[in-house]
Amino acid sequence: MGSMRKMSSSFKRGSIKSSTSGSQKGQKAWIEKTFCKRECIFVIPSTKDPNRCCCGQLTNQHIPPLPSGAPSTTGEDTKQADTQSGKWSVSKHTQSYPTDSYGILEFQGGGYSNKAMYIRVSYDTKPDSLLHLMVKDWQLELPKLLISVHGGLQSFEMQPKLKQVFGKGLIKAAMTTGAWIFTGGVSTGVVSHVGDALKDHSSKSRGRLCAIGIAPWGMVENKEDLIGKDVTRVYQTMSNPLSKLSVLNNSHTHFILADNGTLGKYGAEVKLRRQLEKHISLQKINTRLGQGVPVVGLVVEGGPNVVSIVLEYLKEDPPVPVVVCDGSGRASDILSFAHKYCDEGGVINESLRDQLLVTIQKTFNYSKSQSYQLFAIIMECMKKKELVTVFRMGSEGQQDVEMAILTALLKGTNASAPDQLSLALAWNRVDIARSQIFVFGPHWPPLGSLAPPVDTKATEKEKKPPTATTKGRGKGKGKKKGKVKEEVEEETDPRKLELLNWVNALEQAMLDALVLDRVDFVKLLIENGVNMQHFLTIPRLEELYNTRLGPPNTLHLLVRDVKKSNLPPDYHISLIDIGLVLEYLMGGAYRCNYTRKSFRTLYNNLFGPKRPKALKLLGMEDDEPPAKGKKKKKKKKEEEIDIDVDDPAVSRFQYPFHELMVWAVLMKRQKMAVFLWQRGEECMAKALVACKLYKAMAHESSESELVDDISQDLDNNSKDFGQLAVELLDQSYKHDEQVAMKLLTYELKNWSNSTCLKLAVAAKHRDFIAHTCSQMLLTDMWMGRLRMRKNPGLKVIMGILIPPTILFLEFRTYDDFSYQTSKENEDGKEKEEENVDANADAGSRKGDEENEHKKQRSIPIGTKICEFYNAPIVKFWFYTISYLGYLLLFNYVILVRMDGWPSPQEWIVISYIVSLALEKIREILMSEPGKLSQKIKVWLQEYWNITDLVAISMFMVGAILRLQSQPYMGYGRVIYCVDIILWYIRVLDIFGVNKYLGPYVMMIGKMMIDMLYFVVIMLVVLMSFGVARQAILHPEEKPSWKLARNIFYMPYWMIYGEVFADQIDLYAMEINPPCGENLYDEEGKRLPPCIPGAWLTPALMACYLLVANILLVNLLIAVFNNTFFEVKSISNQVWKFQRYQLIMTFHDRPVLPPPMIILSHIYIIIMRLSGRCRKKREGDQEERDRGLKLFLSDEELKKLHEFEEQCVQEHFREKEDEQQSSSDERIRVTSERVENMSMRLEEINERENFMKTSLQTVDLRLSQLEELSGRMVSALENLAGIDRSDLIQARSRASSECEATYLLRQSSINSADGYSLYRYHFNGEELLFEEPALSTSPGTAFRKKTYSFRVKDEDAKSHLDQPSNLHHTPGPSPPATPGRSRLALEGPLSTELRPGSDPGISAGEFDPRADFKSTEAAPSLNAAGVTGTQLTVESTDSHPLRESKLVRYYPGDPNTYKTMKSRSFVYTEGRKLVRGLSNWSAEYSSIMDQAWNATEWRCQVQRITRSRSTDIPYIVSEAASQDELEDEHRGSLLDPQISRSALTVSDRPEKENLLSVKPHQTLGFPCLRSRSLHGRPRSAEPAPSKLDRAGHASSTSNLAVMSVVPEGQNTQQEKRSAETEC
């Protein structure tokens, strides 16, 4: 960290020095000063090329050394250079220069252009400088994981399925954890596969992963294009096939090019890369988590150097876990094999040890000593087997590479469970935490699985203040205050102490998950035993409010607005500040618990006296009425004494999910808020509170001119919570109507003693109020105890006007009420029971149908009258009738002549207004808020209250003036006349009770607001015309207030159609006098001069009327129309919402209307005074609200909460079922099932292929046994003395040199089921290397295999009886095409053979990695006058799981043969040429028919069908050989005098004489790569469309074609065969 500070300070100094380009130029100077390149300055000629230096560059490309001194060297390198002065070294022969290559790359040549940042640095650059560059200049965030990919440098093929799984897993691991990927950078080997995965990801998603390529500068193709300082360079990704250099991979985002002065050599990047990885691992993931950045190595394929890298990783301190991708080839497969069969200590049994040594030798073409060295390194790696994780595609427990990487990190680092949890939390991988950490579920983990040391925790516990964490530990076992000492004694138990540490780790993880907004982790931790009531304390909640992590929020701005002062950036937000913010956002009479006196006292005791001083500045020291003398002070002292700061329960919350949900809402964490809303009690109230808070925050953000998206997002969040509240209400209403109504009206002690209905009204949630449950509740409340179904208004009016009709109305009992408080219910029930008991003795009951009438009769007359007048509907009509009477009297007063003293009618009006004013004062004083100022503020938020205030104030002023003498009495009367307008407008409030008129009242209010904006626009147009017109027509006006009137007077009336035609043009009308300069009228009087510009007035007026009358007025109409339809669509909800306000208003009003309401006021005062006296005597609590509120006991409240939680669970269960039954979900599930089925089918196909291969192996072994038995029979015949000449024609057999020891059973690649293949393996002594190219070729070389057969000419002129061999003969003869070899059968025609001659068949096998030429063998014998002919069959040799290319047969020119009869020869690749079709069992093959007559022999190609097993050499049975001998013998007896040489052989042109073998369709893996631990991988080459099936090249026999032809003809035949296209 010190070096980081030095770099940052040097960077600052550079930026200060640059005065022209600021920080960019300073950063550029810092880069050039810090980073260097390396150049070779001494030429040491190479032994291979004298024109080239040992560094790889040409001698003329070197630059001279700096004159300042010798090149920079370091200690160890210098000593090495001195001791080995003859060798070239980086330290001695290179010099450092400031880097000249850094900037931005633009890749060209691909499908699309990517950009990447790059820099050329020296191989010994300090890693802290590189990290500073990456974080500060490249603007990269520190990773939470570092994946270092290692593998083969040369290009190799991966199985398509494995490549897909590898790419997806790597990308997913990097995406979900925010990882960096380190690779070699150049587009070869494993880097190309990583680049393909990155390319697929970047094409499917917008963001690019951070892939950093660390490549050697000397191996980069086109590196000259990169030279430049802070430049943007175009880079071509097309590589030169003749160059040894490699291009950079265009899928990477950053490149670090390590330079050690060499060219064309790897190794410069190894040390730099390892040091940089080590330095990054020392960095912390974030400030909250103490974990360093974890590093993991990913091995794909690779050579011996990869094994050394793995060992280096495992020996690091701390060790780096390694993930090996099995099935990718070479080093990865060897490591996987060793990991599978090694014991924990790195011990392997002898048989597997020998097999592994042979595998290493064959794979890397190593000698025995080299293979032993590499084997030792592998065994050293296996000593730390637990750090190596092998990914096998398809194996159980490993779905993808991503899980293997993250699991390896958790297990390999040997970290404790809390540290592993921190890593999983940093990666945001809840699946890893669930499967690897919480393996025991909610149960406690076993002893020893939790690793944090005890001592450090204990010391921290002693040093830390009494924070939430330490308090949490105290309550972890549920102890009380008096048992603290016992708790300390119990901590000596290691098990309990370990569990206590685990609890603390879980709580810390919960805090981190909340801060980092990890909803899934919060859910996981709650499921696994985190007690939220134990977890959440006051300090922790404050820490959550003050966090800077997570999504951005506007809480700081809200606190600043509430405190009305500028806050410092590091201001610590307290819970009391949060309480003020909540009260500000909720509005109305809402009172937060954080601002109550009890909480402030607790807060003061916990945190000292500093923060309450801030409360006094805010005026929050006391919200209750002033204290009464000494008693209040004593109570306050007692409260302070009772609070025990050391008790952990004091600083905790009763409902922690309430507090956390409010925190999530204020911090704008919607997903977290929704999750916390589901947990805990009072879900409906929480949803309504969140809806109100979000809506208020959206309003604040829109007024603060923040980004519109913020306000829109907050508004959407508000709608989401509002919808949740409605859905929950609907769910509970479906289950139980009565309990649902209780949910709406019960008292919410945690939410300012409010109710759900009040919270919905505060949030203006119309849909909630318009719900059926809410409306039923309001209807019950509106009707009181009256039971009226039809014409309730008419019945109520009749009851008011004719009181005796009240006795005929129906009333309800208290059992039918759904809104009354429990106290009122009990009182009413007691009264009814008393009445029933009193009337019970009067008579007996007659039947069930009379019960209702008896109940009605049981209600006394006084109760009926009282309940009638207390019903809100009766109060409404009573007040309405009274108000209409008042308006009639007011009309009469102002319409008739007003005397000096008020008339009786006027006194009634005055008394009405005065009593109404007293009622408004009563409303203010009896409202919910505590402070008088807050009461007035809340009261003024209602529009009609403002109207009443203005109207009453005007009337009072008018009444005072009216009582005075003239002229003040006249002024008072005028005020009366204006004031009655407001009282008429007040009638609109009465219309709100009507379903049809109510929405229109709201429309009028909205249209008035729209019209205010329109008036502003109209004012601009009106003034522009009015001022111009007035100035033109009246240029000589004197200053006067009439000017302002004249500006607006005429233009305003023109809007309504009054155009003042006589004043449009002053001189066009006859009524206006003429004017002119130096002109006189008829009487000789001088005319007045004309007003200049008067002709402009008509034109201006035309434009004005066009804009004002047509444009603006129609615009206003359109706005009104839009408002109308907007309100009309929600008219039902609007009316129901207004109905609530009306019902609540009349529910709380006294029974008598003004002016008789003064009697009700006197009654209320008397009851209040008597109630206070009774309280003093009995010590009762405060009087509870008389509103729509239900007071429940603790037991009833608990049952109600349980019902609400059940409804929440049922609601989400229904939503989940609905989502699963949706079409999109069904399509997704079907797609997953189809994909799983396809994978299963692929596995079945692989198993079937394995079974086929196994059957082939069995067939091969059987054929070998059969051949051995044939040899034994032959040996026995020789021993028995049977004549050898009789058996010459019988059979020719190919000998098999493959013994049983060469058949090794190996595990199939990428298979978890242990599939096996049996393959041929040959000793090294059997390999024939006759060319240097072949001897240096790694992998499987040509295998020598001898096949013996016999050729005999039955003619007396030529007779041959000797074996021939199948062997590879390299030479300069005409080449065969790659992938083919030629099989030549030659036979001498001379009866005199040279000693040691070996006529036979020449064949060449090929290796796909080695270039070679296989040619025909030269004729073995050439006698004078006699030449030999040859039958050439060209074929492709292959191994198991290889595709065969083409098989052709090239006969020579027509020859004369002498033969006996027709015979069919069957040839297939990998099988003998046999006669007959008796034992043939292949799938596809060809038949070469030879038709004989006296003069010619013709060849014909046909196709036959065979069943299976094309890859096993077919061995002729003894029975078939015997039949062949008999046919030969019978043929010779038919015409013994005719020799074969006398017959003519001619080609059949229509058949083209081709021997074609079709490809094998079902057997093997045609697209996969065949691998063996004992050989190099063999990749399947693309076969042409004409190419045929896969098969084995094995042996040939029974080829006997002899002729006597001229020598020239034979040469011509060879020429044609060589020129033929293969």
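Cβ atoms are placed via backbone N, Cα and C, with glycine included.
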**Prompt:** Both TYR1000 and ARG1149 on the same side of the membrane in Swiss-Prot, yes or no?
**Reply:** yes
Of the ranges 1175-1230, 1567-1622, the one Swiss-Prot annotates as region 'Disordered' is 1567-1622
On the topological domain 'Cytoplasmic' (1-875), the mean of the pLDDT values is 77
(Q) Within this structure, do the transmembrane segment (1007-1027) and the transmembrane segment (974-994) have 3 or more Cβ pairs under 8 angstroms, counting pairs 6 or more apart in sequence? (A) no
Comparing 876-896, 943-963, 1100-1120, 1151-1171 for Cβ pairs under 8 Å with the transmembrane segment (1007-1027), the winner is 1100-1120
Quick tally over 943-963, 1100-1120, 1151-1171 of CB pairs under 8 Å to the transmembrane segment (876-896) gives the top stretch as 1151-1171
Under 8 Å Cβ-Cβ from the transmembrane segment (1151-1171), and at least six residues away from its ends along the same chain, one finds 869-870, 875, 878-879, 881-883, 886, 908, 911-916, 918-919, 922, 1183
Helix, strand and coil residue totals from DSSP for the topological domain 'Cytoplasmic' (964-973) stand at 6 helix, 0 strand, 4 coil
Tertiary contacts of the topological domain 'Cytoplasmic' (964-973), defined by C-beta under 8 angstroms and 6+ residue spacing from its ends, are 894, 898, 900, 957-958
